[in-house]
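Enquirer: Let me begin by handing over the structure; questions about it come next.
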Amino acid sequence: MATSSDIGSYNRPCGWCVKAVKWIPVLFLLCIIVWSYYAYVVQLCFMIVPNVFEKIIYLLGYHIAFVVFIWSYYQTVFTPVGVVPRKFKLPKVELEKLQQADNEESHRQIIEHFASSLPVTNRTVTGAIRYCEKCHQVKPDRAHHCSVCGQCVLKMDHHCPWVNNCVSFTNYKFFILFLGYALTYCIYIVITSVQYFVQFWKGDLEGMGRFHILFLFFVAAMFAVSLVSLFCYHCYLVVHNRSTLEAFRAPIFRTGVDKNGFSLGAYNNFQEVFGDNRACWFLPVFTSMGDGIVFPQRLVDEDTDQLLGGRQRWSEDESPTHSVRSPQRLIRDREPAPV
């Protein structure tokens, strides 16, 4: 998706060429989807399937899978990424001071002073506030700079060329549903076309339409195999409340590295992405909890917190007396800790 930070580059002749090239994977995928619709509906159901009742059942199930698949894909592609609020951007005066800083310690103090009122807990490997040199702003927790989008993205997971968009806080639920429904779509095609695929190999099918059935079966099976591992991996990430970037490099807090720092338990982690309205869990409508800036974290031991002078320590105790609160309450109760 185009962003305000790269509009200037698109004003150059080559900028629009780059923008067009980024849509090639999406157009390629759409061509495959359109062809699969023709091959299944026209060539298989209308031309080959002999039984009328079987045709109706096949077409009904196919179109249900097709609609939710296309709907979730559309939402993943065209949902704008979450942008970092202006309050995280360094004011002009502070930016000038930062540029004039003659050593790393001065640089660090300027950023820490500015970020003292911001709700940030993640740190760099050196323990400093995370700051984007390109956007000139403090990075909110779980936000990262995307070189393709040209901006910092809230809870960035990864940039996906197949959707020409960043998978992030605003469309992560749609991306998960897209993978799930794409897998369902492919499996449905494989299951309902396998008997006619066997007939093809036996030589019982005639006409050019039989080659559509052959390729339809192989393409659907190939995509299903590739999707199943990706879908299962992202289900694992949802259950553990991690992004792809956090899975490769665990987030760092004031107390150090903690790969489970944002994990609230499997059910609460699921709710953070899919929301608390069960009727909308599997619909491609936005129901994710929070604002993409402040994220609930594991419980803080208040006694230890006081002894450490405000530094946070995440409780490892999962007993009933230290049960995890709901994401809504954690977001409401949590206040920014002093830097």
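Keep in mind that glycine also has a Cβ here, set from the backbone N, Cα and C atoms.
The transmembrane segment annotation in TrEMBL covers 26-49, 56-74, 174-201, 213-239. Among the features that TrEMBL reports, domain 'Palmitoyltransferase DHHC' is placed at 129-248. Annotation source TrEMBL lists region 'Disordered' at 310-339. Annotation comment: TrEMBL describes 330-339 as compositional bias 'Basic and acidic residues'.
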Enquirer: On average, what pLDDT score does this prediction assign to the domain 'Palmitoyltransferase DHHC' (129-248)?
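Expert: A mean pLDDT of 94 is what the predicted model shows over the domain 'Palmitoyltransferase DHHC' (129-248).
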Enquirer: Determine which residues of the chain contact the transmembrane segment (174-201) at the Cβ level, with the cut-off under 8 Å and only residues 6 or more beyond its ends counted.
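Expert: Long-range Cβ neighbours of the transmembrane segment (174-201): 36, 40, 44, 48-49, 58, 61-62, 65-66, 68-69, 72-73, 75-76, 79, 157, 160, 163, 167, 210, 213-214, 216-217, 220-221, 223-224, 227-228, 230-231, 234-235, 238, 273, 282, 284, 286.
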Enquirer: Which residues of the same chain, at least 6 past either end of the transmembrane segment (26-49), have a Cβ under 8 Å from a Cβ in it?
Expert: 55, 58-59, 62, 66, 70, 77, 162-164, 189, 192-193, 196, 205, 207, 209-210, 212-213, 215-216, 219-220
Enquirer: Grab the same-chain neighbours of the transmembrane segment (213-239) for me: Cβ-Cβ under 8 Å, and only residues 6 or more beyond its ends, written as numbers and ranges.
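Expert: 32, 36, 39-40, 43-44, 48, 157, 175-176, 179-180, 182-183, 185-187, 189-190, 193-194, 196-197, 200, 205, 247, 266, 269-270, 273.
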